[in-house]
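Chemist: Copying in the features that TrEMBL gives for the protein in this structure:
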DOMAIN    377-433  domain 'Kazal-like'
TRANSMEM  12-38  transmembrane segment
TRANSMEM  58-79  transmembrane segment
TRANSMEM  86-107  transmembrane segment
TRANSMEM  147-170  transmembrane segment
TRANSMEM  182-209  transmembrane segment
TRANSMEM  229-253  transmembrane segment
TRANSMEM  273-295  transmembrane segment
TRANSMEM  315-333  transmembrane segment
TRANSMEM  345-365  transmembrane segment
TRANSMEM  454-480  transmembrane segment
TRANSMEM  492-511  transmembrane segment
Amino acid sequence: MHIYKMCLHFSTFVCVFQFFVLCHGMLQLAQLLVSGYLKGSITTIEKRYGFSSQKSGLLAAFNEVGNTVLIVFVSFFGSRVHRPRCIGIGAMIASVGVFLIALPHFISNEYITDSNNSDSGLCKSPNISKQTCDQEKTDSHLGVYPILLLGQLLLGIGGVPIQPFGISYIDDYAEKRNSPFYLGILFAVTVIGPAFGYMMSSVLLRFYVDIDKMSSSYLNLKNDDPRWVGAWWLGFLMAATLLLLTSLPYLFFPRKMSREVYQKSNLTLRNPIYLLVVLAQVNLAAMVAGLATFMGKFIERQFAQTASFSNMMMGGLNIPSAMLGIMAGGVILRKLGLTVRSSAAMCMVAVFVSIMFAIPLLFIGCPTNKVSGITYNVSSQQCSNACSCSDEAFNPVCGSDGVEFLSPCHAGCKTVIPDKEKGLNYMNCECVASTGSPGSAFPGPCGNKCSNRLIPFMILSSITCFVASLSHTTSFMMILRTVTPEDKSFALGIQFMLFRVLAFLPAPVLYGRAIDTACILWGKKCNKTTSCSYYDLDLFRHR
């Protein structure tokens, strides 16, 4: 039965309208859950398929390509089409794109590591197998990257009508006094989507990538091992299913409701307030797009944490702080009944204060690890010359002298014995400094011994997120109050198009490129450059 008729015996307008707000909150939650999950999994996908940060940044931003091409055209017809039905069809297309993003896992061969062979990587032991190289060639021929880009493209195309049509539909039929409240709730709920995405990636990346293939190649690996690759694909299947389910109610909403308040104002594109607010939002959006893509990687590398833990920090602290800021901004706007001028002042103060809290983040971080042959004793690696170590070997070990090595071979280790605490203990390591006999080494990086700095970093970044987010609902209401109702969808379409062209599309690529310039050792596999193995952490932080 038509939803409109189902609500007939209640307050028809209020029932349908509030149900639409609920459905739109759930849909945007599902849509942005995909965004959060992708950003939380980006370093894992990067490691699995050997992408650079710039390449993974382009992948993260590529959904904006399809969105940018269509959003102005679609939004222009916002007042002439069945907006709820367009939203539902778009969400279905987006769900197909998300299913497609998970496809490379099912057409790729098993991800092979040498973790089951305890002798692998020792001095004079083979460090890479022909089987691994043959598999690498097979995976590259499958065109994994184009498939991921196509999935992102469909996700962007499907998402075109969701925000401009949804926001304009809500603002058209809400009372002017209550519109900021409804939009504040909507924006806050949608912020939960990325938070859920990061938290979901935190959980799922603890499972090995080939868990569905009953792989035995990870039996000796833990999720803090630098060779670990988590089940990145699993979350995309869940998110695509949720996105499909939340799209269905939109097929039954009416094209128009019984109440619509019109307000005369300036033409959209000649409105200086509209243009200046959008350009200000673009600057903030560019920062958010870059940080959302790589903040998890930053925490992972800077403070020597796992990808799972880094995503938990993002989803459990930073994004909820932004959600509270958005809600608080909507409440302030509603309680004080701010004019456009006072709203602008509130936005300016919020952004200025957030910058003050953000500046110290430039100085909170950890020093680069001592890695033999890279950042430490660069010219004195003669001790392992006789070991015939592969320059593609990457199985980090920490020597008893506190220096990290690329592999047991690079540490000159000749034997290995079981160890109850560390799993393995590499012995007779010629390159590990010790008094008397050769030193020893344990699996895994040495760490930078400054993880205690993570707490003040997260506190300051969360406060920054909260304060900056106070301007979110306020700036949107400034736009909605300075354009005519029939131009709202078009104005929002122009806004989101500028977001994509000037912020969401270029920012992750530029951030990725900047991060790549801080790399001091690129990984290699089968004579191909893969993802970065080590960064200069000071440069990474400043970039």
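Just so you know, the numbers here start at 1 and follow the chain as drawn.
Backbone N, Cα and C atoms are what each Cβ position is placed from, and that goes for glycine too.
Just so you know, TrEMBL annotations are computer predictions that nobody has curated.
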Chemist: Cβ under 8 Å to the transmembrane segment (12-38), counting only same-chain residues 6 or more beyond its ends: which ones?
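Modeler: That would be 3-4, 60, 63, 84, 87, 91, 94, 98, 101, 155, 159, 162-163, 166, 169-170, 173-174, 182, 185-186, 189-198, 200-201, 235-236, 239-240, 242-243, 245-247, 249-250, 253-254, 257-259, 292, 315, 319.
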Chemist: In the same chain, who gets a Cβ under 8 Å from the transmembrane segment (273-295) while lying at least 6 residues past its ends?
Modeler: 35-36, 39, 42, 53, 57, 60-61, 194, 266, 310, 314, 318, 340, 344, 347, 351, 468, 471, 475, 478-479, 482-483, 491, 494-495, 498-499, 502-504, 506-508, 510-512, 515
Chemist: For the domain 'Kazal-like' (377-433), what's the mean pLDDT in this predicted model?
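Modeler: Here the mean pLDDT over the domain 'Kazal-like' (377-433) amounts to 80.
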Chemist: Below 8 Å between Cβ atoms, which of the listed ranges 58-79, 147-170, 229-253, 315-333, 492-511 makes the most pairs with the transmembrane segment (345-365)?
Modeler: 315-333
Chemist: Check for me, if you would, whether the transmembrane segment (182-209) reaches the transmembrane segment (492-511) - at least 3 Cβ pairs under 8 Å, residues 6 or more apart in sequence.
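Modeler: Since fewer than 3 Cβ pairs under 8 Å link them, the transmembrane segment (182-209) and the transmembrane segment (492-511) do not come into contact.
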Chemist: The transmembrane segment (454-480) and the transmembrane segment (58-79): do they have three or more Cβ pairs under 8 Å, with pairs 6 or more apart in sequence?
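Modeler: Contact absent: fewer than 3 Cβ pairs fall under 8 Å.
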Chemist: Hey, which bits of the same chain come close to the transmembrane segment (86-107), Cβ under 8 Å, at least six residues off its ends?
Modeler: 24, 27, 30-31, 34, 38, 49, 63, 74, 142, 144, 147-148, 150-162, 165-166, 209, 232-234, 236-237, 239-241, 243-244, 246-251
Chemist: On the DSSP side of things, how many residues of the domain 'Kazal-like' (377-433) fall into helix, strand and coil, could you say?
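Modeler: Its residues fall into 6 helix, 17 strand, 34 coil.
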